[in-house]
Amino acid sequence: MAIKVLVVDDSSFFRRRVSEIVNQDPELEVIATASNGAEAVKMAAELNPQVITMDIEMPVMDGITAVREIMAKCPTPILMFSSLTHDGAKATLDALDAGALDFLPKRFEDIATNKDDAILLLQQRVKALGRRRIFRPVVRPSTPTPTPRSSASSVLGGVSTHTQPAPAPVRSSHAASIRPSGKQYKLLLIGTSTGGPVALQKILTQFPANYPHPILLIQHMPAAFTPAFANRLNGLCKIEVKEAVNGDVLRPGCAYLAPGGMQMMVERTGVTGRVKVLAGSAEMNYKPCVDITFASASKAFGGDVLAVVLTGMGADGREGARMLKSAGATIWAQDEASCVVYGMPQAVASAGIATQSISLDNMAESILKESARG
């Protein structure tokens, strides 16, 4: 049966176009539309949609308030539409905090002109969120989307991704069963996409100010959003969190968030490292791209890396993680049950690259134990 969708927006044009696009996919069906948050709350309870697309700025009741009420009364996967502005970014992060699972930039021109990429992206996101029921606090997984058309190995060049021996199967673990390896690290990498903002906040807020290593964060996010996200994390965390700037020298206890619309790489400079922020190849689907950052870290730091792949659509991170593992690095993945979308972690785990599959609730403790100086 088709996934039932409720479309919520105060613009009649946007409601109509989103409905048309959703209904073009035989796996999706718009069952109703609403023009404000109050209508959305009522319809969510009465119609039991499997996915809701939600605008933020609406009369009567705004989207953020509607998300809070829906998640309290009848939890439903919600995809937010957000303007590409500083205020829009802050509001979107508030909506994610309230319980929304994902967001898309609200680009009227792309929607109006039937741009193929925009249509496919909207359909993929709605299907990804609608393929499972939502339970709180644990969210059930979805099916991953296809692999990006360009891998980091082809863009960076010179690093084989197929030279390692067949790895052992991934083990599903809880923090209590994870014993620190005693390995000495110089860098922590975390890559994520759908569901990442909430997951990163949950993990990083548990880190002490004296966390012993630099941290590179790669979150699929537009350029207008990453400054607001970095600022929000910095205000919530004991460690410092900043949007990465080209030339940043890596410091322990500091997390560097890859800027949206750019690629973040790292190079070795003596005992530490330095961030390189580049426009990157137009061939890459993702900017920032987890594969790009992971692959550069494999060259710069070799096996002295702990890399974690969190919830997200697609397979970004798999090839970069393969390079890291070939260099001797440790690779972990978020487990299926705690992912918003089990795509990126599944790609790493099913390829035998990840040595541990860890729940989000236990991830911070596990990282801290593994990272401890000993």
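Just so you know, glycine gets a Cβ as well, placed from its N, Cα and C.
The domain 'Response regulatory' feature in Swiss-Prot is assigned to 4-121; the stated evidence is sequence analysis.
The feature 4-aspartylphosphate is assigned by Swiss-Prot to Asp55, with sequence analysis given as support. Within its own chain, Asp55 (4-aspartylphosphate) has Val8, Asp9, Asp10, Ser11, Phe14, Gly63, Met80, Phe81, Lys106 as residues 6 or more apart in sequence whose C-beta sits under 8 angstroms from its own. DSSP gives Asp55 (4-aspartylphosphate) a coil state; it is part of no helix or strand.
Per Swiss-Prot, the feature compositional bias 'Low complexity' maps to 138-155.
According to Swiss-Prot, the feature region 'Disordered' maps to 138-177.
Annotation source Swiss-Prot lists domain 'CheB-type methylesterase' at 181-374. In the predicted model, the domain 'CheB-type methylesterase' (181-374) shows an average pLDDT of 95.
Secondary structure at Ser193 (active site), taken from DSSP and collapsed to helix, strand or coil, is coil. Counting only same-chain residues at least 6 apart in sequence, those with a Cβ under 8 Å from the Cβ of Ser193 (active site) are Gln219, His220, Tyr286, Thr311, Gly312, Met313, Gly314, Asp316, Val341, Gly343, Met344. According to Swiss-Prot, the feature active site maps to Ser193 (among others).
Among the features that Swiss-Prot reports, active site is placed at His220 (among others). When secondary structure is read from DSSP and collapsed to three states, His220 (active site) falls in the coil class. Summarising the environment of His220 (active site), the number of other Cβ atoms within 10 Å of its Cβ, over all protein chains shown, is 22.
Under the heading active site, Swiss-Prot lists Asp316 (among others), citing sequence analysis as support. For the recorded site, Asp316 (active site), the DSSP three-state label reads coil.
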Around the Cβ of Asp316 (active site), the count of other Cβ atoms that are within 10 Å: 31
